Amino acid sequence: MKQNNQNVKDKKISKVAFSHVGCEKNLVDTEHMQGLLDKEGYEVGNDIEDANVVVVNTCSFIETAREESIRKIIEFTDQGKEVIVAGCMAQHFKEELLKEMPEIKGLVGTGDYQKIAKVIKRVEKGEIVNEVSKIPEFIADEKIPRFVDKNKFVAYLRIAEGCDYKCAFCIIPKLRGPQRSRDIESIVSEAKNLAAQGIQEIILISQITTNYGQDIYGKPSLARLLKELSKVSVPWIRIHYAYPTGLTDEVIKSFKDSNNIVPYFDLPLQHSHPDVLKSMNRPWQASLNESILSQIREQIPSAVLRTSLIVGFPGENQKHFQHLLDFLHRHEFDHVGVFIFSPEEGTSAFDLPNRVPSEVADARKDNIISIQQNISKKKNQLYVGTTIKVLVEKISENKELIGRSYNFAPEIDGNVILSIKNYEDEKNYIGKFVEANICFADEYDLYGEVIKTL
């Protein structure tokens, strides 16, 4: 990044690097902190070795994420870096962290990342800083500086922050606060800015995207938002974290009628059995799962369906698990993520009886993965012999183009790997769309040949 503030050019300032753990919501926070520091004249990047201040933006959703965050904190403090801990762990353990890890120089909560420059200035003066609000309330809009890596051609656009649901297994409402939506004008403005920077795909995110607008408009307003975003000149707009309750006829119609909103439905259903869903404090969902999935497939035959599931939830027995397997066979999702229940202190599920033994939960996870691999392979093989549109994101050492069609989301799904007969300079492909013929498919990826650039 370049320094924007010429007034600080001659000052001795910190070189700040970022280490990021966790979800894309955390990534957006990191990008805003980078943008804010850049505006203040700091040298900002990802080169830990060259930096004297390292901001570790942490995740605290499950134990493994906390362990990874702690490892990074220890690694960087051992290197003599001034470490500032931001994000969900700072919010979760705002009192304990500074006591148990006195080598940490500062904390920045999930609703306080806009204060990062002030925090670093105080750390530079030798202060130990705890900048963590009790209840996160802030959400950045398009006016808050943000560094977006244009080399990736994909950007996440946060439409709301926080969550008002109280799912039994989830700590996020305590870490991210209540839902607070941005207004439609703000979101559209940022989308236009991203499109002007050459972003080819915008992914809408929040804790529950289908609840967007409930807090500011008095009712869920995703359909209104999508109607306005469909006018933005960006090839692909993708929606993550859509819950069944918010997939109204109007929302589904927005997918169907738009040219740039891809028919990709990310539905974190977690389970299928009514008893388990009730224990998860999602009793409303069981009656909707079947009807919503059928409705999507009927109205949008080209729809791609992804879900995430939890196995080993307290009280889940073989009957419940078999119900889930039957559900998967019946609906044949294109993509499935499966996780083993992680008991998190501070959630209502933490004290639930009838814990599932770890070896049983592991076996159930493996069972689902095996079943889904067969389904995904069958689904992918339907593309063999067809022509598809692919966004090229990188080039392999073998001069193969690697990208995605609309049915693959970045990071979590597969890739499309393409050979090309007359290879030219990579700048002719990266960040551009090509038309490709698919020749082969496995359970994860598609393989084919480039027909032409688009």
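Just so it is clear, glycine is given a Cβ too, placed from its N, Cα and C backbone atoms.
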Per Swiss-Prot, which of CYS88, CYS163 sits in the [4Fe-4S] cluster 1 site along with CYS23, CYS59?
CYS88
Taking every protein chain shown into account, which of the binding-site residues CYS23, CYS88, CYS163, CYS167, CYS170 has the largest tally of Cβ atoms within 10 Å of its Cβ?
CYS88
Can you list the residues of the same chain, besides CYS163, CYS167, CYS170, whose Cβ falls within 8 Å of the [4Fe-4S] cluster 2 site's Cβ centroid?
TYR165, LYS166, PHE169, ILE171, ILE172, PRO173, GLN207
With DSSP as the yardstick, break the domain 'MTTase N-terminal' (14-125) down into helix, strand and coil residue counts.
54 helix, 24 strand, 34 coil
Other CB atoms, at most 10 A from the CB of CYS59 ([4Fe-4S] cluster 1 binding site):
21
Rounded Cα separation (Å) that holds between CYS23 ([4Fe-4S] cluster 1 binding site) and CYS170 ([4Fe-4S] cluster 2 binding site):
14
Can you list, in sequence order, the residues of the same chain other than CYS23, CYS59, CYS88 whose CB lies within 8 Å of the CB centroid of the [4Fe-4S] cluster 1 site?
VAL21, GLY22, LYS25, ASN26, THR58, SER60, PHE61, ALA65, GLY87, LEU175
Please report how many Å separate the Cα atom of CYS88 ([4Fe-4S] cluster 1 binding site) from that of CYS170 ([4Fe-4S] cluster 2 binding site), as a whole number.
13
